[in-house]
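Asks: Quick one: this structure, given as structure tokens, is what I'll be asking you about.
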Amino acid sequence: MVIESTTKFYKSTNILYLYICCIIVGSIMSMNRTTLIQGFLKIFFPMLCGEVVGMLVGIGVGTLLGMEPFQVFFFIVLPIMAGGVGEGAIPLSMGYAALMHMEQGVALGRVLPMVMLGSLTAIVISGCLNQLGKRFPHLTGEGQLMPNRSHETRSLSESEGVSGKTDVGTLASGALLAVLLYMMGMLGHKLIGLPAPVGMLFLAVLLKLANVVSPRLQEGSQMVYKFFRTAVTYPILFAVGVAITPWQELVNAFTLTNLLVIVSTVSALVATGFLVGKKIGMHPIDVAIVSCCQSGQGGTGDVAILTAGNRMSLMPFAQIATRIGGAINVSLGLLFLSHYLA
């Protein structure tokens, strides 16, 4: 009874998308504008380096274990970095079915467990990184990618006149802003095919950089963000576990060779993000946690990874890593496969 009602509620309400849009808009509106643009410009380099190293390490480990490089790349490594299920595993399985002349269900059955196990590995690593940050505080910005300069350390309330008072009107205005931006993202998806969360993210960043959102609206967005982060995160994770996680397929994929390839791929990706982020002057632990999201299970994976790492404020960057990075990987992977099989 509990499972049935939870599943029905989760699938009929799309509560995950409401959660993600409130988290994204709230965290962006809470950021310093200079830090925001620097973070977006710099995060792509560690992400790219992590992708390349992770793929090479995964293929290398799989080959050493006696697996075919073709099978390792297309059925383990690429699905891990495909951006989840709806935007990653399903388009991949459709492409594999068309190019390899196999049933889509068979392809999806092979790809989906790798996505799940990759996300599970990233969640564990994110939790370990959080503990590492507590032990070595100089390596983390506690949710900030870029070190604060002296003139950037003011909070939102100090720099933009936020009152700090809580009232229903302010809270409602923040929620309305998040929903409005998501609706505009949906419109963008209909017109140009850009995923709605990504379109919403770009719009929120644009509004923040243009400084056209009033302090009251920004305060409301921040309040909504804090509410969802505090009160909604764990119920969402419970609903995901009950409603959409294919536990049997996950258990069936637990073979030693698969686990070794998956763990080595995700570990190499995250370690590269850590080292490159440190090299270019970013907080390495926070960059590494964003890198974890490159192997996450879409939006649900981002929520779980950032919760494990206690870095929910990194959700905008996590969405870039998952949605845009995953879409690029799927497109390039299928393009490479079509040329390889030609």
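Keep in mind that glycine also has a Cβ here, set from the backbone N, Cα and C atoms.
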Asks: Give the range, chosen from 166-187, 320-341, that TrEMBL lists as transmembrane segment.
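Replies: Going through 166-187, 320-341 one by one, TrEMBL gives transmembrane segment for 320-341.
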Asks: With CB pairs under 8 Å as the measure, which of the listed stretches 12-31, 43-65, 72-99, 191-210, 231-247 comes out on top against the transmembrane segment (320-341)?
Replies: 72-99
Asks: Are there residues at least 6 beyond the ends of the transmembrane segment (191-210) whose Cβ is under 8 Å from a Cβ of it, and what are they?
Replies: 17, 20-21, 24-25, 28-29, 31, 33, 36-37, 40, 87, 181-182, 184-185, 299, 316, 319-320, 323-324, 327
Asks: Near the transmembrane segment (43-65), which residues from the same chain, at least 6 beyond its ends, have a CB less than 8 A from one of its CBs?
Replies: 71-73, 76-78, 80-81, 145, 257, 260-262, 264-273, 276-277, 280, 282, 287, 290-291, 294-295, 317, 320-321, 325, 329
